[in-house]
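Here's what TrEMBL has on this protein:
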TRANSMEM  6-28  transmembrane segment
TRANSMEM  35-58  transmembrane segment
TRANSMEM  70-92  transmembrane segment
TRANSMEM  113-134  transmembrane segment
TRANSMEM  146-169  transmembrane segment
TRANSMEM  190-210  transmembrane segment
Amino acid sequence: MIFSLFLLSLAIAFEPFPIIGFILLIVAKDGQKKALAFLCGWMASLIVVVVGVVLVTGGQPVEKSSSPSLAALILKLLIGIFLIFWGIRAYVNRKKPPKPPSWMAKIDGVQGWAAAALGVILQPWAFVAAGVAIVFGAELKSLGEIVVLVLFVLLSSSSFLAMLIYVTFWSESAGPKLERLRLWIDSHRVQAQFVLCILIGLWLIGNSTYSLTTI
């Protein structure tokens, strides 16, 4: 569980599109407040999902041959297939960049509640769903496992936490540097999505296939 959640938390933290949205918020008018609201929405959605899974399972792993266990493994397999398909599709269509969402042009007028909502909406839910499937089959009775889940939430939010701290303490130099970072990420977004989707997709397919064959 630990290695799988570590991989997924890094994929969530460095998914390009949410980072682009966060930088646009943080360099806008009242950017720190909006960025904090975004981060609260982002972390709250992860916490709700993790706590929900723990409450449903009671912290006990489901039996390997049970229907819930099979469903979780099949979900991991399907998510892996979807991620590979999505990554290949994005790479094939890389010369046809999608039209930027309309909210990007209105970023200065975004209110705090809307920034928090963006933190939920921009969450890479395919990666989060894969994390749910992994947690579903884990035993969560010891302090170590609980710490792993806390670290999963923190690592999944680490890129945003780092940028918010940077802007808070070095506000004068942070804006231009983050804007350059945004432009660089935007120009390499498709390649980053391709690599993330293929790597995580292959890992999920291999892991779930092995588990299915050993039931």
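Quick reminder: no glycine exception, Cβ is built from N, Cα and C everywhere.
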> Are there at least 3 C-beta pairs under 8 angstroms linking the transmembrane segment (113-134) and the transmembrane segment (70-92), leaving out pairs fewer than 6 apart in sequence?
Replying inline: yes
>> Can you tell me which parts of the same chain pack against the transmembrane segment (146-169), counting only residues 6+ beyond its ends and a CB-CB cutoff under 8 A?
In response: 1-2, 5-6, 8-10, 12-14, 18-19, 22-23, 26, 31-32, 35-36, 38-39, 42-43, 46-47, 50, 54, 131, 135, 140, 175, 178
> Considering only Cβ pairs under 8 Å, which range in 6-28, 35-58, 190-210 makes the most contacts with the transmembrane segment (113-134)?
Replying inline: 35-58
> Cβ under 8 Å to the transmembrane segment (6-28), counting only same-chain residues 6 or more beyond its ends: which ones?
Replying inline: 34-35, 38-39, 42, 104, 107-108, 110, 115, 118, 122-124, 127-128, 130-131, 134, 151-152, 155-160, 163-164, 167, 175, 178-179, 181-182, 185-186, 188-189, 192-193, 196, 199-200, 203
> Cβ under 8 Å to the transmembrane segment (190-210), counting only same-chain residues 6 or more beyond its ends: which ones?
Replying inline: 4, 7-8, 11, 14-17, 73-74, 76-77, 79-84, 86-88, 90-91, 94, 97, 127, 130
